[in-house]
Amino acid sequence: MSQNSKCRSPSLQPLRPLRPTAAANQSSPSLWAAELASSPPADTSETKSSPEYASFFAVLGASTAMVFSALGAAYGTAKSGTGIAAMSVMRPQPIIKSIIPVVMAGIIAIYGLVVAVLIANSLNDGISLYRSFLQLGAGLSVGLSGLAVGFAIGIIGDAGVRGTAQQPRLFVGMILILIFAEVLDLYGLIMALILSIK
């Protein structure tokens with residue numbers, strides 16, 4: 001019996017409380033929070049590593065700004081030009097005043113060119129994905145606005161020039177309608193400038 005009690009005596013002794021080790025102290029929540037608070041803020045500049053495809057969206061924004069604006073300007077010029085050609089057969093005298101829709105259609109492409117140049121100048125090797133998406137939004141804003149305004153100016157110019165040939169009093173009304181149509185592209189340009197310089 002004495003041998004059995006000697007063998008079992010070590011297992012009956014109370015357990016000692018474990019002392020916290022250095023690793024446990026380092027992983028405690030309070031020390032971890034203090035270390036996190038003292039760490040420098042994350043670098044959000046464009047110099048940090050960004051995906052290789054980040055600049056693709058900025059280039060796409062510059063392309064869409066120019067392409068869609070040029071499409072709108074081309075349609076507006078062509079549609080207004082057919083009206084001018086048809087009007088000049090009946091009354092060739094006011095042909096100079098009838099070129100105004102063509103000029104206003106050409107301004108659409110200038111808006112797209114301005115935004116495309118701004119986007120192209122902001123391109124660099126370390127452009128962030130966030131800024132690249134902003135440039136894409138800027139290009140789509142002015143490009144699609146220019147496309148819609150080009151359709152509007154073309155239709156207004158065609159019908160307005162034909163109507164002015166028969167009734168000269170319609171000229172002022174046609175100009176006002178063209179101005180209100182052109183302002184829509186100006187809204188897209190303002191939004192594109194805000195996005196591109198953000």
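Using the three backbone atoms N, Cα and C, a Cβ is placed for every residue, glycine included.
TrEMBL entries are annotated by machine, without manual review.
Database features, via TrEMBL:
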- 1-29: region 'Disordered' (REGION)
- 8-20: compositional bias 'Low complexity' (COMPBIAS)
- 53-78: transmembrane segment (TRANSMEM)
- 60-119: domain 'V-ATPase proteolipid subunit C-like' (DOMAIN)
- 99-120: transmembrane segment (TRANSMEM)
- 132-158: transmembrane segment (TRANSMEM)
- 136-195: domain 'V-ATPase proteolipid subunit C-like' (DOMAIN)
- 170-197: transmembrane segment (TRANSMEM)
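Within the same chain, residues 65, 72, 94, 97, 100-101, 104, 107-108, 111, 114-115, 118-119, 122, 134-135, 137-139, 141-146, 148-149, 152-153, 156-157, 160-161, 163-164 sit at least 6 positions outside the transmembrane segment (170-197) and bring their C-beta atoms closer than 8 Å to a C-beta of that stretch. Mean pLDDT, taken over the domain 'V-ATPase proteolipid subunit C-like' (136-195), works out to 94 on the 0 to 100 scale. Tertiary proximity for the transmembrane segment (132-158) is limited to same-chain residues at least six positions away from its ends with a CB under 8 Å from its CB atoms, namely 54-58, 60-69, 71-80, 82-83, 100-102, 104-105, 108-109, 111-112, 115-116, 118-119, 122, 174, 177-178, 181-182, 184-185, 187-189, 191-193, 195-196, 198.
Here the domain 'V-ATPase proteolipid subunit C-like' (60-119) has, by DSSP, the following mix of helix, strand and coil residues: 57 helix, 0 strand, 3 coil.
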